[in-house]
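Report on the structure given below.
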Amino acid sequence: MTKLSIEPVTRVEGHGKVTLSFDDSGKLDKVNFHVVEVRGFEKFLEGRYIEDAPVFTPRICGICQVSHNLASARAVDNVFGVKIPKTADMLRNLMQQASNVHSHALHFGMLASPDLMFPMTDDALKRNVLGVAAENMDVVKDAISMRKIGQTIIQKVGGRAIHPVTAVVGGQSKPLTEEERDELLKMSENLVDTAERTLVVGKQLLDGLKEQNLLDLGYFESYHMGMVNNGAQDIYEGKIRVVNPEGKIEYEYEPSEYLNYMSEGVRPYSYLKFPYLTEKGPVDGVYRVNTLSRLNVCDKMPTPIAQKYYEEFVKTFGKPAHHPMLFHYARLIELISSAELIRKFLEDDAIVGTDIRVEPTDLVGEGVGCLEAPRGTLVHHFKTDDKGIITDANLVVATVQNNPAMDIGVQKVAEKYIKTPEDAKPHVLNHMEMVIRAYDPCLSCATHTIDGKERMLSMDVYKGGKLIKRL
C-alpha cells in the first residue's frame, strides 16, 4: 500500500493534514482529513468561577476570540438570569461585527486569494500573500485596512484588540466615549466602499474559477445551519435554523434546545469530532455552517447593500447553494453587511450611553450562549453549583461542525482528479487544500476539548508569583 500526505495543510489556523492511501494495484483507496492537535479548554473551565468563562474562552483562538468572549458572556448572563441594558447589547454587537470584518478581510486577503488567483500553478512559492501582492497590491492593502478598522473597534470597545475583557456578567464594564466614537466614525468612513470593492474582485476571481471548471471543487449536497432573527441573517442573536438539501426549513429552535438536534461521532484518524443532526444519523445528517450556510438559511440580509448582493447571488446560484467555493462569495457579502452595521451602530447616539450594566441577584445555575462566529454557529453551555463554580462546560465550535464536510470535500476532489499516485500533481493536491480553506477552518478552536482520560497538557494558575493550582 502507498500513502501520500499533505502535511501541513497551509494557510489555515491550526494544524491539519490530508492523507491519500492507494491499494497494492496503485488505485486510490481512501482519503481523509486529519486534525492532529489536542487541547483542553472544557476541562480547564471545570472548577473555575463562572464569571471567569468570558476571560478564559477567548484564549481558545486569537482570530475568533471575540465570538468566544461574547458567547461565554451571554451564557454567563443566562446563568445569572440577567438581561443586559440596550447600550451594552449594542456595544457587544458592534464588537461582533468588527470581529467579522477583521476575520473575513484577513481570510480573503491573505489565505483565500492565492487559491483564487493561482489555482492551477504548481509553484507553491507563488501561492501566498506575496504572490497576491505582486498580482494585485490593492487586494492586500484593502484587507489590511479593513482588518485594522475591525481590530481598532474591538480594542476601543473590548479594552484589548486580542482577548477583550469588557463583556462581564450583566453587561459591559466600560462605556464607549464620545471621543472614541468620533475616532471610529472617521476611521470607518470608507469601510463599506472598501468591502464592496473587495467583493467585486472576489466575484471576478470566482468567475475565473468557473472558466477553469474549478467552481465545483468538493461539491456535495447537505443540510445547512445558521442563525436567523425574524428570518434575517444575524450573526449576533436569534434562533438556529436548519434547511435540508432542497432548501426547505427542517428545524428552527432556540439555542438552549441545541442538544435535542445535534450529536457527535468520533473516527480513529482525527482528534476532531464528527457532528451530525441527531434525527438524521451520522451519514444522512451531515450539515454545514459558516457564511454560505447562513445565506442558505436566511430569507434576507439585515442591511441594504448586502441585500442587493444577496439577491444577485441567489439569482445566479440558486438556493440553497452547495459549492464550497461559494463560501468565499458569501463571506464577502457578509463583510459588506458587517461594515454597514458598524456604521449604523456608531451613528446611533445610544452607543455612547452610560447605562451599561445590571448587577446579578440570582443564580439560575445553567446557561447557554449562542452566536455566529465568523466560521459558523458557536454554542457555549455552562452548568454551575450553588456557589457559581463551573461543574460542566460544553463548547460546540463552528469548525468542528464543518469537519465532516471537509472530510467529504477532499474525498470528492481526490475521486475526480486522482486515480493513481502519479496523478497527485502539486496543483491537484492544492485543490484539496482549496476545499479545506474555503471553510476557513480554525483548528485551534475545533480541538478545544479532551476526554479527561489522559493528561495531554496542563495549565498553571499563579497568584502573586506563586503556583496555586494546576489544571
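One-based numbering along the chain as shown.
Including glycine, each Cβ sits where the backbone N, Cα and C put it.
According to TrEMBL, the features are:
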| type | residues | note |
| --- | --- | --- |
| BINDING | E42, L395, H448 | Mg(2+) binding site |
| BINDING | C61, C64, C442 | Ni(2+) binding site |
| BINDING | C64, C445 | Fe cation binding site |
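In three-state terms derived from DSSP, L395 (Mg(2+) binding site) belongs to an extended strand segment. Rounded to a whole value, the Cα-Cα separation of C61 (Ni(2+) binding site) and L395 (Mg(2+) binding site) is 13 Å. Cα of E42 (Mg(2+) binding site) to Cα of C64 (Ni(2+) binding site): a span of 17 Å.
For C61 (Ni(2+) binding site), the Cβ neighbour count at a 10 Å cut-off comes to 24, with all displayed protein chains included. Between the CA atoms of L395 (Mg(2+) binding site) and C64 (Ni(2+) binding site) there is a gap of 14 Å, rounded to the nearest whole number. In this structure, L395 is the one among the binding-site residues C64, L395, C442 with the smallest number of other Cβ atoms inside 10 Å of its Cβ.
Taken residue by residue with DSSP, E42 (Mg(2+) binding site) is part of a helix. Around the Cβ of E42 (Mg(2+) binding site), a 10 Å sphere holds 19 further Cβ atoms from the protein chains shown.
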